[in-house]
Amino acid sequence: MDGIKILATFSVLVLFYKLFTYSKKGGVSQKEAVKALLKTEFREFELVEKEQLTHNTAKYKFKLADESHVLGLPIGQHITVKTIIGGKPVSRSYTPTSLDEECVGFFELLVKSYPEGNISKHIGDMKIGEKINISGPRGFYEYVPNVHKHLAMVAGGTGITPMFQIMKAIARDPSDKTRVTLLYGNVLEEDILLKQELDDLVKQRPDQFKITYLLDKPERDDWEGGVGYVTLDLMKESFPSAEEDVQLLVCGPPGMVSSVKRNAVALGFPRAKPVSKMEDRVFVF
């Protein structure tokens with residue numbers, strides 16, 4: 001365990017050094033762009049496009065106030081969406097699938113709408129030209145290139161969004177050598193979100209990215225992915241040893257998250273904290 005503690009301390013020092021130097025350089029090239037987000041107030045953004053992906057999931061494109069603006073969201077963080085339902089304010093957090101570097105003048109959200117879901121149903125019922133209220137950025141994770149040699153990711157359902165955002169950022173940066181192994185679980189094959197985009201990322205970085213898709217109920221006899229849940233054995237088989245320079249990122253349904261956290265401890269990772277911080281070896285979005 002001493003080796004793990006030394007590695008953890010070293011990783012924290014490297015993280016803060018790289019975060020400092022990364023921010024000194026202005027991060028990416030849009031440091032001159034006007035950022036649309038504000039933490040202290042909600043701003044309205046107009047829905048300009050909707051693409052239905054599954055029977056209950058769609059990608060929504062929202063226009064910023066000016067076509068030269070960027071959303072201003074650090075990679076790995078999220079926004080808060082708020083509306084009034086039944087006379088009461090309700091809110092929920094979402095991670096956009098778009099990056100500031102590639103989406104100037106707009107941003108995109110991936111939302112699965114539930115009949116009983118206040119915000120998700122509200123967004124699902126939106127018509128082109130209607131507006132939502134958003135504030136941010138929020139969250140304790142901000143991706144910085146090359147802090148860890150390996151990112152071990154576990155995602156379920158729409159929990160893929162922060163993972164996809166991070167992988168896109170890595171793929172866009174030729175100097176980023178971070179390796180990614182993703183276990184992505186869903187109920188049915190049709191529930192797999194952003195599959196084409198994820199497969200394209202693997203094609204761009206075949207030596208860095210590896211994805212295993214898992215289904216609870218595969219409907220094809222020739223399904224080539226995994227079946228069932230993210231088990232201890234699967235994590236042990238797929239991910240590097242906890243003694244290596246690896247950070248575990250988790251996002252998905254509560255039951256999946258709880259199971260993965262228990263498995264992580266059994267594999268030698270530190271116990272996940274109630275509120276994850278950027279430097280933690282196990283980070284839960």
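The backbone N, Cα and C atoms fix where each Cβ goes, and this holds for glycine too.
As written in Swiss-Prot, here are the features:
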TRANSMEM  7-23  transmembrane segment
DOMAIN    40-144  domain 'FAD-binding FR-type'
BINDING   124-139, 150-182  FAD binding site
DSSP three-state assignment (helix, strand or coil) for Arg138 (FAD binding site): strand
Secondary structure composition of the domain 'FAD-binding FR-type' (40-144) [DSSP: H/G/I, E/B, coil]: 7 helix, 48 strand, 50 coil
Mean of pLDDT values spanning the domain 'FAD-binding FR-type' (40-144): 95
For Lys131 (FAD binding site), the number of other Cβ atoms found within 10 Å of its own Cβ: 14
DSSP three-state assignment (helix, strand or coil) for Asp176 (FAD binding site): coil
For the binding-site residues Ala155, Ala169, the one whose C-beta sees the most other C-beta atoms within 10 angstroms: Ala155
Around the Cβ of Pro162 (FAD binding site), the count of other Cβ atoms that are within 10 Å: 26
